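The block underneath contains the structure these notes are about, expressed in C-alpha cells.
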Amino acid sequence: MGIVIGIICAFIIIVQFIIGNVANGFIALVNIIDWVKRRKISLVDQIITALAISRIDMLCSTFLIVLITSLYPDLNTAVNMVKISNNIWIVANHFSIWLATSLSIFYFLKIANFSNYVFLCLRWRLSKVVSVTLLLSLVLLLMNILIMNMHIDTWSDGFKRNVSFGFRSKNCTRFFKLALLINTTFTCVPFTVSMVAFLLLIFSLWRHLKNMQYHAKGSRDPSTAVHIKALQMVVVFVLFYTFFFLSLAIQLWTSESLEKNNLFYVTLIITFPSVHSCMLILRNSKLRQASLLVLWWLLCRSKDIQTLVP
C-alpha cells in the first residue's frame with residue numbers, strides 16, 4: 001500500500017472512529033435517559049442500546065489493536081499478544097453482529113404477517129426468542145475463540161521450530177488468511193439469519209399488497225406503511241451487513257500480503273458499525289427528534305457565542 005493511500009485510510013479510520021463513537025454514544029445516552037425517566041424500556045430500545053454499546057466496544061478495540069500493532073509491530077509475533085488481540089476483537093465483533101441480527105429478527109417477527117403456527121408462537125414470545133438467540137450465539141462465540149486459539153498455538157509451535165515462520169513470511173500470511181477464514185465462517189451464521197429474515201419480510205409485504213389488490217383496497221393502508229418502514233430499516237442493515245461480510249471475504253481472495261493492505265481492510269470493516277448507527281438515528285423517530293434538538297441547541301449556543309465576541 002502506498003504512503004498516500006495509507007494516510008488517506010488512516011484519516012478515514014479516525015473519522016469513522018469519531019463518528020461511530022459519537023453516534024453510538026448518542027443512541028445509548030438517549031435511550032438510557034428515556035429509560036430513567038419512564039422507568040421502563042421497550043424491547044427494541046433494549047436491543048438498540050445494547051447494540052450501540054457493543055459497537056463502541058468494537059470500534060475502540062479495533063482502533064487500539066491497529067494503533068498498538070502499528071506503533072509496536074514486533075508485538076505481532078508475540079503469541080500472548082496475538083491471542084489477546086484476537087479474543088478481544090472476536091468478542092466485540094460477536095456481540096455487535098448478533099445484536100444487529102437480533103434487531104432484524106425483531107422487525108421480522110413484529111411486522112411480518114403469517115398465519116403459520118410456529119411463526120405466531122415465536123411472535124408471542126418475541127422477548128424470549130431474542131434472549132434465546134443471544135444465549136445460543138454464546139456457544140458459537142466459545143467455539144470461535146477455542147478454534148482460533150488452537151490455530152494460534154499451532155502457528156506458534158511452527159514458529160518456534162522453524163525460523164522461517166517469521167512474521168513477514170508467506171507462512172505468516174497463510175496464518176492470517178486462515179484466521180480470517182475462521183472468523184468469516186462464524187460470521188456466516190448471523191448473516192444468513194439476517195438474510196432469511198429480510199427475504200421473509202419482503203415476501204410478507206408482497207402477500208399483503210396482493211391481498212389489498214384482491215380486496216380492491218389502496219396500497220397505503222397502515223399495515224403497508226409499517227411494512228415499508230420496517231423493510232427500509234432492514235434493507236439499510238442488510239446492505240451495510242453485506243458490505244461488512246464482503247470486506248471480510250475479499251481478504252481471503254487477495255493475492256497480496258494482508259499486512260500491506262491492513263489499514264484499507266480496517267477501513268472497510270469499521271464502516272458497518274459507524275455508518276449504520278447514523279442510519280439508525282435517522283430512521284428512528286425518537287432518536288431523530290433528539291438529534292434535531294441537540295443540533296438546534298448547538299446552533300443557538302454558537303449564535304450566542306458569536307454575539308458575545310466583539
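Glycine residues also receive a Cβ, built from the backbone N, Cα and C atoms like all the rest.
According to Swiss-Prot, the feature transmembrane segment maps to 3-23 (among others), an assignment based on sequence analysis.
What Swiss-Prot records for 24-46 (among others) is topological domain 'Cytoplasmic'. Same-chain residues lying 6 or more positions outside the topological domain 'Cytoplasmic' (24-46) and placing a CB less than 8 Å from one of its CB atoms are 52-53, 55-56, 59, 103, 106, 110, 126-127, 130, 273, 277, 280-281, 286-287, 290-291, 294.
Annotation source Swiss-Prot lists transmembrane segment at 47-67 (among others).
Residues or ranges marked as topological domain 'Extracellular' in Swiss-Prot (evidence: sequence analysis): 68-87 (among others).
What Swiss-Prot lists as transmembrane segment is 88-108 (among others).
Summarising the annotation, Swiss-Prot assigns topological domain 'Cytoplasmic' to 109-128 (among others) and lists sequence analysis as the type of evidence.
Nonlocal intrachain contacts for the transmembrane segment (129-149), taken as residues 6+ away from its ends with a CB within less than 8 angstroms of a stretch CB, comprise 43, 47, 83, 86-87, 90-91, 94, 98-99, 101-102, 105-106, 109, 122, 179, 182-183, 186, 189-190. Here Swiss-Prot flags 129-149 (among others) as transmembrane segment, drawing on sequence analysis.
According to Swiss-Prot, the topological domain 'Extracellular' annotation covers 150-185 (among others), on the basis of sequence analysis.
Per Swiss-Prot, N-linked glycosylation site is recorded for ASN162 (among others).
The feature N-linked glycosylation site is assigned by Swiss-Prot to ASN171 (among others).
According to its DSSP assignment, ASN183 (N-linked glycosylation site) is helical. When Cβ atoms from all protein chains are considered, those within 10 Å of ASN183 (N-linked glycosylation site) total 18, not counting its own. Annotated N-linked glycosylation site per Swiss-Prot: ASN183 (among others), in sequence order.
Residues or ranges marked as transmembrane segment by Swiss-Prot on the basis of sequence analysis: 186-206 (among others).
Per Swiss-Prot, the feature topological domain 'Cytoplasmic' maps to 207-232 (among others).
If you look up Swiss-Prot, you'll see 233-253 (among others) marked as transmembrane segment, on the strength of sequence analysis. Outside the transmembrane segment (233-253) by six or more residues, the chain places 100, 103-104, 107-108, 177, 180-181, 183-184, 187-188, 191, 194-195, 197-198, 201, 261, 265, 268-269, 271-272, 275-276, 279-280, 283 with a CB less than 8 A from a CB of the stretch.
According to Swiss-Prot, the topological domain 'Extracellular' annotation covers 254-261 (among others), on the basis of sequence analysis.
The feature transmembrane segment is assigned by Swiss-Prot to 262-282 (among others). Taking Cβ pairs closer than 8 Å, the transmembrane segment (262-282) reaches residues 1, 5-6, 9-10, 12-13, 16-17, 19-20, 23-24, 26-27, 48, 52, 55, 58-59, 62-63, 66, 96, 100, 233, 236-237, 240-241, 243-244, 247-248, 250-251, 288, 291 in its own chain, all 6 or more past its ends.
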